[in-house]
Amino acid sequence: MREVAVTAPAKVNLVLRVGARRPDGYHALATVYQAVGLHDEVAARRADGFSVEVRAEREMALAEVPTDHSNLAVRAALLLAARHGVPEGVHLRIRKGIPVAGGMAGGSADAAAALVACDALWGTQLPQERLLEIAAELGSDVPFALLGGTAVGTGRGEVVSPVPTSRRLWWVILESTVGLSTPEVYREFDRLRPDAPPDPQVPEGVLTALRDGDVAGLGAALHNDLQAAALSLRPGLAGHLEHGRVGSAHGAVLAGSGPTCLFLTDGQAHAAELVERLSSHGLGHVSCAPAPAAGALQLR
Ligand code: C5P
């Protein structure tokens, strides 16, 4: 039986500026997303109903991934079918390479991959603008997972526009086996930052550093407004970030709402060195990945 397989990348936020909570409950964001070479794969085959199975490449908080219709990949398939009159169902097999509840938008990657896979399987063949619209309904980070590369995100994160970069970057990624809840981190942000502005902006410096391939400048510009909130909920993460800084990374920053820690390095050799050094501390799984990576991509 035909199976369509699609990969989608994890994301990092080079800059994540969070504004005030909006009337719809979401927060205004101004962010610079970058897709990194850490992927989930979603394989789709025709079925009568909608179902999903999930496995992981290594130890992860898999228990936190729903395997019913609340799974974001299943919701993506259901939404595509509903909006475009598809009379069939699908069975999805997800292989997770992106940490679960890690702040790297793994669930959003699964949704983006499921959209592309079902679109190919069912022959709906939607233009990318339509897929991006459906993606935005599913979650704030889903459009970026479709697009990949490097992009500025505004709105609640769902409005994405690509930005030019001139250099491949190497990230070191320190995972945690216990995830953090994104809504909880946002709630803590609200408590700590009642003064958050209504219209956060991406600072020009980070875009200049990206365009010029200035890794040191980029390292200095890394910023995440959710970091203080995540550290308040999980104080031990401060030590994890410090370990990477000591390892002479250009910069250390929390991934999205955490708890994954990210370190920007000089290149592949430096990244491999830092992976070895951080691994020796036994803090969690450590890997490195190049960026920018492509968005959701059909493999077969
Ligand atoms: O958009 P998504 O479903 O991925 O968001 C998950 C949760 O993160 C939301 O329910 C909300 O609590 C929080 N969030 C937010 N503002 C954003 C994005 C996410 O408050 N811009």
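Glycine is no exception: its Cβ is also placed from the backbone N, Cα and C atoms.
All annotation found in TrEMBL is predicted automatically rather than curated by experts.
In the structure as shown, the Cβ atom of Lys11 (active site) sits within 10 Å of 32 other Cβ atoms. In the three-state DSSP scheme, Lys11 (active site) is classed as strand. The active site annotation in TrEMBL covers Lys11 (among others).
In the three-state DSSP classification, Asp141 (active site) falls within coil. Of all Cβ atoms in the protein chains displayed, 29 besides its own lie within 10 Å of the Cβ of Asp141 (active site). According to TrEMBL, the feature active site maps to Asp141 (among others).
Cβ neighbours of Gly107 (ATP binding site) (same chain, under 8 Å, six or more residues apart in sequence): Val65, Leu72, Ala73, Gly139. Annotation note: Gly107 (ATP binding site) sits in a helical segment as assigned by DSSP. Residues or ranges marked as ATP binding site in TrEMBL: Pro99, Val100, Ala101, Gly102, Gly103, Met104, Ala105, Gly106, Gly107, Ser108, Ala109.
According to TrEMBL, the feature domain 'GHMP kinase N-terminal' maps to 71-149.
Taken from TrEMBL, the feature domain 'GHMP kinase C-terminal' covers 207-282. Summarising model confidence by region, the domain 'GHMP kinase C-terminal' (207-282) averages a pLDDT of 96.
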Run through the Cβ atoms and count how many others sit within 10 Å of the one on Ala101 (ATP binding site).
21
Which is it, of Pro99, Gly103: the one of these binding-site residues whose Cβ has the most other Cβ atoms within 10 Å?
Gly103
Would you pick out, from the binding-site residues Ala105, Ala109, the residue whose Cβ has the largest number of other Cβ atoms within 10 Å?
Ala109
Alpha-carbon distance [Asp141 (active site); Lys11 (active site)] in Å:
9
DSSP three-state assignment (helix, strand or coil) for Pro99 (ATP binding site):
coil
Inter-residue C-alpha distance, Ala101 (ATP binding site) and Asp141 (active site) (nearest angstrom):
13
